[in-house]
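These notes concern the structure reproduced below.
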């Protein structure tokens, strides 16, 4: 993979992202991005609290641990991507909220399992003790299993046509399959202590992180626009956008693991180096990895530019990611 010949400088990157957001804001007059994101995250959290209500399921230790894993922080990036893609059409908010909640349940499942001693062996997540530390390993395994099941139950119970529900279930299942997050985690574990090419790391990141990001975007669109009924360019643009966005998120995570403190990360820093895990940051160097992430965010913006103002929320998600990178991983 060549990166050096295509790098933009920071000024170009910010200009490209800012231009997209500025056009979208000027065209819509809708909620400011920060307010929309806060409201969207709150709606999804309310849906999670409702779907994992102790009164409905009983306040068992398992249910308490499931709520702990899902309701205590997080940027809700994947759910917001779902809501942003849902804004491409007039998708009912209550459907998007539940789909976003299902995605967050699945994301929490992957985090709970990734944190286990047999996997990444981490004791902090979102600034709190990980589920296996607080509730024990056996409960943590069951939490991941149950959250996965509840995610699919949520999608199967949506107030939506059967074909839509099937498409959503298939999309989420594919994202965490052996070709998605599970396969990516297996590849991650297999690369520990090895010298590998950048392409291998990129392929692993696209599976481990990128597959669920891609599903989040596609599921938001699928709520209202069936793929076979959409303009041929729509899902192609969304797939390109999400592939770049998902990889950029993981590259940023690689950088912050090497540079940020516990308060910023919400988890133990320096874990990748301590475990001898190859990452984009360790292979490329911090500054090249940072520029790589910015280039990916710009490429994602270019992918959705033809969609015009209706993609404003997706463009604003890119701006948020770029701002986070500039804040927590400034250039040398």
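Positions of Cβ are set from backbone N, Cα and C atoms, glycine also.
When 94, 107, 113, 132 are compared with the isopentenyl diphosphate site residues 75, 78, 126 in Swiss-Prot, the one appearing in that site is 107. Swiss-Prot names 208, 250, 267 for binding (2E)-geranyl diphosphate. Of 76, 125, 313, 320, the residue it gives for the same site is 125.
In terms of Cα distance, the binding-site residues that sit within 10 Å of residue 126 (isopentenyl diphosphate binding site) are 267, chosen from 114, 120, 208, 250, 267.
Around the Cβ of residue 267 ((2E)-geranyl diphosphate binding site), the number of neighbouring Cβ atoms within 10 Å comes to 22. If you take the Cα of residue 208 ((2E)-geranyl diphosphate binding site) and the Cα of residue 114 (Mg(2+) 1 binding site), they are about 11 angstrom apart, rounded to a whole number. Candidate binding-site residues: 114, 120, 125, 250, 267. Nearest to residue 107 (isopentenyl diphosphate binding site) by Cα distance: 114. In the three-state DSSP reading, residue 107 (isopentenyl diphosphate binding site) counts as helix.
Between the CA atoms of residue 250 ((2E)-geranyl diphosphate binding site) and residue 78 (isopentenyl diphosphate binding site) there is a gap of 13 Å.
Within the set of binding-site residues 75, 78, 267, the entry lying nearest in space to residue 120 (Mg(2+) 1 binding site) is 267 (CA atoms).
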